[in-house]
Ligand SMILES: CC(C)[C@H](C(=O)O)[C@@H](O)C(=O)O
Ligand code: SF4
């Protein structure tokens, strides 16, 4: 019987298989950041072990870094003591164990899931792990990419292998072409709303179909990034010409004859025609529209044209209670049109939507327009290279002229581990991936949106799509 893409990558990495035991898989790339690595390095130290493959391990500072102020512009110490300790600990660990680290201020620094692809480290058919749930992002290249816990981080540091339990396979096929103005973010928010936050549990999702094939690599990363929000272990997209074109010439991509050989083998990385999936979901792309969340999990989303749902109409008891609680936390009334929800903060950034195409899309909406007086808008590039690219295209000037704040690279307001936070009761439209209670700051309220919707929302002051805006100059 044929094999799925995920099964092919898995099987090519098994270094030990024994009946009734997890397979031991070889890991090609281990990404490290400051939050989930300290105890792992402590464990190595205690056991007197080195890092087995420092050359396959790469670290960056992202979650705890401020995105403005002297620590960004002048290399001053991070003011917050907890954040400073985390970052300093990573620096000491990387120094001691010989791991490459992209520190604040380096050209290569940025969010862990932005820098791997950007450097050409993330390649088709590889296994990629990181102590971070959004490692699924790298699956956009046809890599099998998992988030792991801190004890697993230690295992990979020590052995470059990882015991993994078998997974189930799921296909999400998005058929047809996306309508004008509908983005990768809208697709994945719609997928999660359809299958639920537990819908992918235990599965590796492969995204397929014409609408997925038509996406750029960055759009594909946005989709795979949020697989974890559907409960999946990983998300994948088979590599194709788009993938190869993105990778070619990147610092760590193969070169010359090696490149040709690599592309030839990468072409094999497709699900066989006669392979079967444990579960299949089909979505008609033509039915999709800009999508926003109204609740406190990423599955509580609806088309922007809809209204806040009435929990009383939900038949599932669990869903009803969750919706009631979400509306209470979010300060929303059932029946309110989503377009009437006013926000005070707009955040563009994160490993979901902090890449150059996201910034271009937002700048295109803001060009010649102004952010509403009632809104503060943060635009945070996912990496220093994204920042430099954006500046070379003049995007920073578009953002600044519109009244948005142009920041340094990092996770920023995606999660409240650095100074970029919502105050209690504040409401954001955010291009990040999680809208949990307190995610962007205690008491903060988050609506997940695409960069285009975020930018239009900043202009209007209420949830809006670019199509809702007056033409510039009108
Ligand atoms: C801090 C880290 C462990 C966490 C994750 O695993 O995803 C963070 O990146 C997040 O997005 O919530
Ligand atoms: S940007 Fe957000 S989701 Fe991505 S790694 Fe950072 S905190 Fe996690």
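Any Cβ shown, glycine's included, is placed from N, Cα and C.
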Checklist outcome for this item: Of 423-448, 449-474, the range TrEMBL tags as region 'Disordered' is 423-448
Checklist outcome for this item: For the region 'Disordered' (423-448), the DSSP residue counts stand at 0 helix, 8 strand, 18 coil
Checklist entry - Around residue 411 ([4Fe-4S] cluster binding site), how many other CB atoms lie within 10 A of its CB? => result 31
Item to check | Three-class DSSP secondary structure - residue 411 ([4Fe-4S] cluster binding site) | outcome: coil
Item to check | Additional residues surrounding [4Fe-4S] cluster, by Cβ distance to the 351, 411, 414 centre under 8 Å | outcome: 62, 63, 111, 113, 134, 349, 350, 352, 354, 382, 410, 412, 415, 432, 433
Next on the checklist: To see if you understand the setup: which same-chain residues, six or more apart in sequence, place their Cβ under 8 Å from that of residue 351 ([4Fe-4S] cluster binding site)?
Outcome noted: 111, 112, 113, 114, 134, 137, 225, 382, 411, 414, 433
